[in-house]
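These features come from Swiss-Prot:
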{"type": "BINDING", "residues": "10, 11, 12, 13, 14, 15, 127, 136, 137, 199", "note": "ATP binding site"}
{"type": "REGION", "residues": "30-59", "note": "region 'NMP'"}
{"type": "BINDING", "residues": "31, 36, 57, 58, 59, 85, 86, 87, 88, 92, 160, 171", "note": "AMP binding site"}
{"type": "REGION", "residues": "126-163", "note": "region 'LID'"}
{"type": "BINDING", "residues": "130, 133, 150, 153", "note": "Zn(2+) binding site"}
C-alpha cells in the first residue's frame, strides 16, 4: 500500500499517520526524517542538502527528489509506505510518478484530511505555555482552571510567536495556495480521497480504513 498523506497544519495529520503505519505495518516516511537520515549517513545527497540548509536556503527539487528516490528504493518500502511532506508541488508529484515507475510500481492513494480554516485557526491559536514549567494548555481543548495561570505552579501563561493569530493565518494561507494545484493534480488522476478531519480522531481513522479497504 503506497500512500501520500496531505492536510494543512492543525488538521491532525500526525495522529492519523501514526495509526496508519501501525495498522498497515508500512514505514512513515517524512521529508524531515529523510533529510536527517541522509545527512547522518553522509550520503552525497545528504551532504548537498546540508550545505543548502546550513546557508538557510531551500533544498532544491533535484536534491529532495534524489533523497526520496533513495529512500523509496530501500527494502522496508517495497511493500508500501506513507509519504508525509512530499510531494509539495506538482513538479515533485510528477517526479514521484517517475520514481515509482522506475521501481515498477505506482501510488495507490492520496489521503487529504480536510478541516475548515476557521477550525484550524481555533486549533492552532489556542495554545498557551507556562513560563515556569513549560506545561502546555489549549484555551478550548485543555484550558487552565484560572485564565492566564498554570494549574501546577501558578506561572504566567504566554503564547509563542508561531501560535499568534497573524502568524498562523499567514501560514495557513501560504499552505492553502501551495496545496490547491497538488490536490487538483491528484484529483484528475483519480487518486485523491478527502476525509472530514473535523470529526473525532477515531472517526477520522474509520474513514481512512474505509478508503484503504479497497487496496
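Cβ atoms are placed via backbone N, Cα and C, with glycine included.
Since we're looking at a predicted model, the values are computed, not measured.
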### Task
Let me know the DSSP-derived helix, strand or coil state of residue 59 (AMP binding site), please.
coil
### Summary
Per the Cβ under 8 Å criterion, with at least 6 residues separating them from its ends, the region 'NMP' (30-59) contacts 66-68, 70-71, 83-86
### Message
Neighbour count, 10 Å Cβ-Cβ cut-off, for residue 59 (AMP binding site): what number do you get?
### Response
17
### Task
Quick one: of 10, 12, 14, which of the binding-site residues has the smallest count of other CB atoms within 10 A?
14
### Query
Counting across all protein chains shown, how many other Cβ atoms sit within 10 Å of the Cβ of residue 160 (AMP binding site)?
10
### Query
Under the DSSP assignment, what numbers of helix, strand and coil residues are found in the region 'LID' (126-163)?
3 helix, 12 strand, 23 coil
